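Per TrEMBL, the features are:
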{"type": "DNA_BIND", "residues": "46-115", "note": "DNA-binding region"}
{"type": "COMPBIAS", "residues": "12-47", "note": "compositional bias 'Basic and acidic residues'"}
{"type": "COMPBIAS", "residues": "118-140", "note": "compositional bias 'Basic and acidic residues'"}
{"type": "COMPBIAS", "residues": "141-150", "note": "compositional bias 'Acidic residues'"}
{"type": "DOMAIN", "residues": "46-115", "note": "domain 'HMG box'"}
{"type": "REGION", "residues": "1-48", "note": "region 'Disordered'"}
{"type": "REGION", "residues": "118-150", "note": "region 'Disordered'"}
Amino acid sequence: MRGPRVVAIAQKKPDAEIMKKRKAENKTTKEKASKKTASRKDSDAPKRAPTAFFLFMEDFRKSFKENCADNKSVSAVGKAGGEKWKSMSEAEKAAYIKIADKRKAEYQEAFEAYKKKLNGDGVYEKPENSEKSEKSTTEVHDDDDQEASS
């Protein structure tokens, strides 16, 4: 019965060469993963809209710092804010939900515009002045429509 025990011990000690190969494989996969995540983020993409809870927390942090200036722990602020949010009625939350919905709609419009401005290579062509470029593109489309209709 001692035979399998010896075999198990022998398997636990792999060669140094095998260990080096494994470490090299792990490094390459980690590098690939980090490159993929780094390339996915686009600094020109619009920021996502905050949720109603995050909008509430912005206001809550200000009042919490005024009331409890001695407590500077982030976790304490978060816990107190979470408890306050849970205890609030739907009517009290409605103001934050309304603002969050408005910002979400603005984000969706900005994201759609961002997607349209991406060229085929996935590179965002940043306009020099966004207001002027939006007006000029709508004017160009209006002129094309008038020419096509006549």
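Positions of Cβ are set from backbone N, Cα and C atoms, glycine also.
Keep in mind the model is a prediction, meaning the values are calculated, not measured.
For the domain 'HMG box' (46-115), the predicted model reports an average pLDDT of 92. Sorting the DNA-binding region (46-115) by DSSP state (H, G, I as helix; E, B as strand; all else coil) yields 56 helix, 0 strand, 14 coil.
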